[in-house]
Amino acid sequence: MKERRIIGIDPGLAHTGFGIIDCENSRISLVSYGVIETSSNDSHEVRLFYIYNKLLAILNEFRPTEAEMETLFFARNTTSALAVAEAKGVVNLCLVQQAIPIFMYSPNQIKCAVTGTKTADKDTVARYVQLLLNLKQPPRPDHAADALAGAITHFHSTLSA
């Protein structure tokens, strides 16, 4: 199996998490992770443009071959759902422009793939990511841990495909 590099992305207007892993055969290793943070003092449009530019720089630096993004699920807050959907649109645009295929998984699929249960909380997910990537401590902030969990989920789903 050819080596792959997967970027997981947890989109949000204030914080967009990313996590990048290398995959070779049945092994994964951490490449990088972090969060793109925007300022609430900036206009909505400027914040989206900032996410686009920062993500483009990350894609150009690390050259992922595949991308993972969580499907959106919001029960109550339509305002934050719209902001996340807009951030997700910017992320999609950036990935498509770079010809990076995008794969999507539900929050429950990600939790189940990483921890074995769909009821895991964020701390549990981060601890499992730590174990799976052999890190000294759980990745923080949560947005970065979630992005890494998504990348790991995509890796696992393609192993069994």
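Here the Cβ of each residue, glycine as well, is placed from N, Cα and C on the backbone.
In TrEMBL, annotation is done automatically, which means it is predicted and not curated.
The shown structure was predicted, so the numbers you read here are calculated from the model rather than taken from an experiment.
As recorded in TrEMBL, the features of this protein are as follows:
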- Asp10: active site (ACT_SITE)
- Asp10, His143: Mg(2+) 1 binding site (BINDING)
- Glu70: active site (ACT_SITE)
- Glu70: Mg(2+) 2 binding site (BINDING)
- His143: active site (ACT_SITE)
Query: When neighbour density is defined as the number of other C-beta atoms within 10 angstroms of a residue's C-beta, which of the active-site residues Asp10, Glu70 has the lowest density?
result: Glu70
Query: Rounded to the nearest angstrom, how far is the Cα of Glu70 (active site) from the Cα of Asp10 (active site)?
result: 7
Statement: Here the Cα-Cα span from His143 (Mg(2+) 1 binding site) to Glu70 (active site), rounded to a whole number of angstrom, reaches 11
Statement: Reduced DSSP state (H/G/I helix, E/B strand, rest coil) at Glu70 (active site) is strand
- prompt: Including all protein chains shown, what's the count of other C-beta atoms within 10 A of the C-beta of His143 (Mg(2+) 1 binding site)?
  reply: 25
